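**Student:** Copying in the features that TrEMBL gives for the protein in this structure:
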- 98-525: domain 'Major facilitator superfamily (MFS) profile' (DOMAIN)
- 96-118: transmembrane segment (TRANSMEM)
- 138-155: transmembrane segment (TRANSMEM)
- 167-184: transmembrane segment (TRANSMEM)
- 224-247: transmembrane segment (TRANSMEM)
- 253-274: transmembrane segment (TRANSMEM)
- 327-346: transmembrane segment (TRANSMEM)
- 366-385: transmembrane segment (TRANSMEM)
- 405-426: transmembrane segment (TRANSMEM)
- 432-457: transmembrane segment (TRANSMEM)
- 469-490: transmembrane segment (TRANSMEM)
- 502-520: transmembrane segment (TRANSMEM)
Amino acid sequence: MKSWIQGTILGDTIRLLLGSRWLSYPEDDPTFDIRQLKCASCLDGHSHRDLESGQETFRYAEKLSAATKTDKSLIIDWYTPDDPENPLNWSLGRKAWVIILISVYTFIVYCGSSIFIPSYEFMMHRYGVSLEVVQLTLAIYVVGYGVGPLIFSPLSEIARIGRNPPYVLSFILFVVVSIILAVIDNFPAIVVLRFLQGFFGSPSLASGGASIQDLFSLIDAPYGFISWVTGFYCGPALGPLLAAYAVTSDWRWPLWEIVLMGAPLLLVIVCLLPETSHETILHRRAQRLRRFHPAVLAPAETKRLDFKVILIDALIKPIEIAVKDPAIAYMCVYSALVYAIYYSFFEAFPITYGGIYQMPQTMLSLIYLSLIVGCALAAVLYAAYLKYIFIPRCHNGNPSQEDRLIPALAAVWLLTAGLFMFAWAARRSVHWIVPTIGIAIYSGSSFVVFQAIIVYVPLSYPRYVASLYAANDFIRSIIAAGFVMFARYMYLDLGIGKGVTVLAGLSVGGIFGMIFIYLYGARLRARSKFAVGD
């Protein structure tokens with residue numbers, strides 16, 4: 001149990017207030033002798049010169065004694081390949097626990113976007129505003145959680161900070177803003193607070209992927225991504241269903257539901273979410289060792305980067321990569337289109353199932369479950385693909401990075417087919433289950449597309465992965481917010497059939513883009529100064 005509390009916000013606070021004798025590490029013992037450890041992960045027992053810093057970097061623990069007697073610095077690493085502090089070596093149960101917390105965190109934030117929808121009609125009467133104005137409460141929330149990662153993701157990459165402080169501090173503010181939203185009675189204030197709610201809930205939406213990468217090798221990481229992507233797919237789909245029955249008693253109840261979900265999770269992540277950033281864990285280890293061995297440095301301490309440099313790199317570099325690298329430009333644009341279509345369903349479903357099929361609000365909300373059904377089926381099939389096809393291929397050879405896109409090559413066709421099925425079957429003469437099946441096909445196939453993109457990007461652009469995730473989230477969110485505001489007009493003017501057909505037609509371009517990246521991605525990466533080879 002001690003190891004589960006070490007590295008959490010609660011554990012760090014206890015050590016700060018009560019001293020290092022509480023939840024102690026081996027380095028806290030004055031008799032701890034690092035020279036007795038064998039750093040089997042190091043090469044040949046030799047040192048190598050770091051030309052940029054002018055420091056000599058030692059990889060063997062027994063070099064510490066010599067380093068402390070001179071002006072040289074010892075750059076520490078994991079003590080052994082099975083070092084228990086290395087997140088890659090944590091037990092499967094502990095890794096699963098972290099993934100569950102990150103996924104639930106992501107689910108709650110995404111659920112908070114759409115949980116407001118059943119309250120629209122009540123707010124229109126309460127504040128005397130039009131539906132278009134009320135829709136701002138959804139659009140501005142989506143903008144908020146698109147902007148947030150541009151700030152929070154660079155913070156999480158700083159070794160002195162790590163993943164946990166941005167998660168916890170921002171989620172505290174998320175819960176506080178949610179409580180204020182549930183009691184305030186002023187529409188302009190509600191709109192502003194909805195932006196802040198999305199903004200403060202955003203860290204897990206981009207950094208969640210980085211946390212999962214901390215836990216697994218590149219081969220096994222897709223298993224963790226399945227849970228995380230499921231969280232952000234199921235959140236918006238379940239929001240209207242969770243609120244549909246509560247809103248009949250009081251239109252504010254959906255707002256309280258966010259608080260009721262968020263507050264317990266906040267308590268859990270404060271107490272039991274461990275730090276996963278490798279650089280942060282080594283940085284803290286170096287701090288403990290320096291009490292007895294002043295020559296010790298963490299790898300991150302040799303880089304001499306400040307937050308301003310990291311922030312500029314995070315904001316500018318993704319734009320530069322997207323402009324100069326066709327693969328990233330395609331990934332950003334196509335994922336943004338798929339995501340925006342997903343959010344346009346919040347306007348299409350009431351027109352289709354409430355208008356054409358005359359369903360009441362509570363039954364209409366159940367239609368959103370089709371998104372979850374499609375996602376769940378795709379998750380099972382994708383996990384089976386990983387276990388029985390992809391991972392065995394990795395062990396038997398060295399697949400190219402584009403091989404990670406193979407599931408998406410089929411999914412892009414099904415995505416478009418699902419949209420056409422929904423568009424052409426959404427009419428009174430056709431049973432409502434038929435267009436609903438089309439939605440499930442779209443949901444499952446787009447889930448696989450996102451999985452492929454999330455896995456492909458860090459392999460090809462590992463140095464800029466956090467920034468690229470944040471930039472992708474920002475682009476997706478801004479376009480989705482725009483779709484929220486104009487999709488209703490498009491569906492009313494063109495009709496559901498023609499309107500969704502237009503979107504399906506746009507998605508056809510994604511089919512050829514995915515094929516192009518699969519066939520020529522290696523050549524594009526060879527020409528790119530940002531990407532790495534296989």
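The backbone N, Cα and C atoms fix where each Cβ goes, glycine too.
What TrEMBL says about a protein is an automatic prediction, not a curated fact.
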**Student:** Test of understanding: applying the rule of at least three C-beta pairs under 8 Å (pairs 6 or more apart in sequence), is the transmembrane segment (327-346) touching the transmembrane segment (253-274)?
**Tutor:** no
**Student:** Using Cβ atoms and a strict cutoff of less than 8 Å, what residues sit near the transmembrane segment (469-490) while being 6 or more residues removed from its termini?
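**Tutor:** 131-132, 135-136, 138-140, 142-143, 145-147, 149-150, 153-154, 202, 205-207, 209-210, 314, 318-319, 322, 331-333, 335-337, 339-344, 346-348, 351, 453-454, 457, 499, 502.
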**Student:** Need a quick answer: max count of Cβ pairs under 8 Å to the transmembrane segment (502-520), which of 167-184, 224-247, 327-346, 405-426, 432-457 is it?
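**Tutor:** Most contacts with the transmembrane segment (502-520): 405-426.
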**Student:** Ranking 138-155, 167-184, 366-385, 432-457 by Cβ pairs under 8 Å to the transmembrane segment (224-247), which is first?
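**Tutor:** Of the candidates 138-155, 167-184, 366-385, 432-457, 366-385 scores highest.
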**Student:** Restricting to CB pairs under 8 Å, which listed stretch, 96-118, 366-385, 405-426, 432-457, is in contact most with the transmembrane segment (327-346)?
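**Tutor:** The stretch with the most contacts is 432-457.
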**Student:** Grab the same-chain neighbours of the transmembrane segment (366-385) for me: Cβ-Cβ under 8 Å, and only residues 6 or more beyond its ends, written as numbers and ranges.
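**Tutor:** Cβ under 8 Å, 6 or more out: 222-223, 226, 230, 233-234, 236-241, 342, 345, 349, 353, 359, 407, 411, 436-437, 439-445, 447-448, 451.
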**Student:** Near the transmembrane segment (405-426), which residues from the same chain, at least 6 beyond its ends, have a CB less than 8 A from one of its CBs?
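**Tutor:** Answer is 338, 341, 352, 356, 378, 382, 385, 390, 434-435, 437-446, 448-449, 451-453, 456, 496-501, 503-504, 507-508, 510-511, 514-515, 517-518, 521.
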**Student:** I need to check the long-range neighbours of the transmembrane segment (432-457): which residues 6 or more away from its ends have a CB within less than 8 Å of a CB in the stretch?
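**Tutor:** Contacts with the transmembrane segment (432-457): 209, 221-222, 225-226, 229-230, 233, 237, 328, 331, 334-335, 338, 341-342, 345, 352-353, 357, 359, 367, 370-375, 377-379, 381-382, 401-402, 404-405, 407-408, 410-415, 417-423, 425-426, 465, 468-469, 472, 510, 514.
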